[in-house]
Amino acid sequence: VLIIAVLFLTACQLTTAETSSRGKQKHRALRSTDKNSKLTRGCTPPGGACGGHAHCCSQSCNILASTCNA
């Protein structure tokens, strides 16, 4: 069942990526800029959301609460 779910989600992402790239080349630079700004943003303050890839300012993420520690 897990394998089927992963395959389904992968197919959805591929379909979404394909349809969003059709006929929208003029917005390509804008999407690239948005992605770069997300990659270069600062750390997440205490109490902010964190997950598998935590970027907490305190370098500590409470995984059970999904928030950055103080």
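Even glycines carry a Cβ here, placed using N, Cα and C.
What Swiss-Prot records for 1-17 is signal peptide, and it gives sequence analysis as the kind of evidence.
Marked as region 'Disordered' by Swiss-Prot: 19-41.
When secondary structure is read from DSSP and collapsed to three states, Cys43 (disulfide bond) falls in the coil class. The Cβ of Cys43 (disulfide bond) lies under 8 Å from the Cβ of His55, Cys56, Cys57, each of these being in the same chain and 6 or more residues away along the sequence. Residues or ranges marked as disulfide bond by Swiss-Prot: Cys43-Cys57 (among others).
Remark: Cys50 (disulfide bond) has Thr44, Cys56, Cys61, Asn62, Ser66, Thr67, Cys68 as non-local neighbours, by Cβ distance under 8 Å and separation of at least 6 in sequence. The disulfide bond feature in Swiss-Prot is assigned to Cys50-Cys61 (among others).
What Swiss-Prot lists as disulfide bond is Cys56-Cys68 (among others), and the listing cites similarity to another entry. DSSP assigns Cys56 (disulfide bond) to a strand segment in the three-state reduction.
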Collapsed DSSP category at Cys61 (disulfide bond): strand
